[in-house]
Amino acid sequence: MSDTEKDLLGGQTVAIIGAGSMGGSIARGLVESGALPGEQVLVCDHNPGKLAALAQQAGVRTFATSAEMLAEKPGIVVLAVKPQVLAAVLEQHAADLDGALVVSIAAGVTLATLEAALPGARVVRVMPNLPVSVRSGASAITGGASAGEADVATVQALFATLGSAKVMREDQLDAEGAVVGCAPAYFALMVDALTRAGIRAGLRATDAREMVNATMLGVAESLAASGEHPRAYMERVTSPGGTTAAALYELEPALVDGCYDAVDAALARTAELARG
Ligand SMILES: NC(=O)C1=CN([C@@H]2O[C@H](COP(=O)(O)OP(=O)(O)OC[C@H]3O[C@@H](n4cnc5c(N)ncnc54)[C@H](O)[C@@H]3O)[C@@H](O)[C@H]2O)C=CC1
Ligand SMILES: O=C(O)[C@@H]1CCC=N1
């Protein structure tokens, strides 16, 4: 973490409503990165098991209800519940969130909706992805009219402790969500499909899964380290007249069409969630 990021986050108390996949990962990441001490990270959830695990792993402070947690008057509040329950949380806490910097990670819930529900708050939307759990995530950030430049910089510093964090327009954040937010599932599907193809071709299931996983990690590391365009990287694997060329001839059209259709479907669902 840079000195500027440390300065922006240093004295802050971050409260997280919802300790699920994302809320829990953000809480752990903030402490594990050294961005904040556990006592400055507050987390609430209906599920006591999730809270106990987080308190034990990261030393964060946990609360059974959001009302008890917000009574501590945290400066930054992260809304990490599902979009379908967010409206109820906003309605319950509109007054409690007066003056707070509120960060929503809910897919599809627009700045306009959030700011209408929280007239006294400064609102920023973030679309992270699941690898924030290992601090190798990617997050898009967009500030509402209620948020100043310093608020957006603070939220960027917060998510930079969990991987890549870029500020962009709200329409771009929705596109980033459909690509990058969902991508961990797309890549996991690729791992599963290749594993199944390997088993069909005669590999033992455990060998196939372990070796495909190792390859996924190796490709991510070597592609990033080389700085190459993915097609240049592909060419280094593809011998003229060889096996990869034969395989890519089959895979490429289906995969490209599938990715375009998948992102279109995710964007259509984002628009539905935005309508409420
Ligand atoms: N899972 C993912 O990969 C991503 C999720 N998101 C967004 O993050 C948000 C959370 O998603 P997940 O973490 O996947 O969901 P999750 O279901 O794993 O976690 C949500 C948590 O909120 C708790 N909760 C529900 N109502 C509550 C309330 N009133 N007070 C306190 N806690 C409450 C639930 O008990 C649950 O533990 C969603 O809005 C989603 O759109 C964004 C990017 C990626
Ligand atoms: O499926 C979802 O709604 C969330 C948002 C981005 C990734 N997962």
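Each Cβ is built from the backbone N, Cα and C atoms, and glycine gets one as well.
What TrEMBL says about this one:
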type	residues	note
BINDING	Ile17, Gly18, Ala19, Gly20, Ser21, Met22, Ala80, Val81, Lys82, Pro83	NADP(+) binding site
DOMAIN	13-108	domain 'Pyrroline-5-carboxylate reductase catalytic N-terminal'
DOMAIN	170-273	domain 'Pyrroline-5-carboxylate reductase dimerisation'
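Listed in sequence order, Leu130, Ser133 are the same-chain residues six or more apart from Ser21 (NADP(+) binding site) with CB atoms under 8 A from its CB. When each of the binding-site residues Ile17, Ala19 is scored by how many other Cβ atoms sit within 10 Å of its Cβ, Ile17 comes out lowest. Of all Cβ atoms in the shown protein chains, 11 besides its own fall within 10 Å of the Cβ of Lys82 (NADP(+) binding site). Under the DSSP three-state reduction, Ile17 (NADP(+) binding site) is assigned to strand.
Taking the Cβ of Ala80 (NADP(+) binding site) as centre and 10 Å as the limit, one finds 26 other Cβ atoms among all the protein chains shown.
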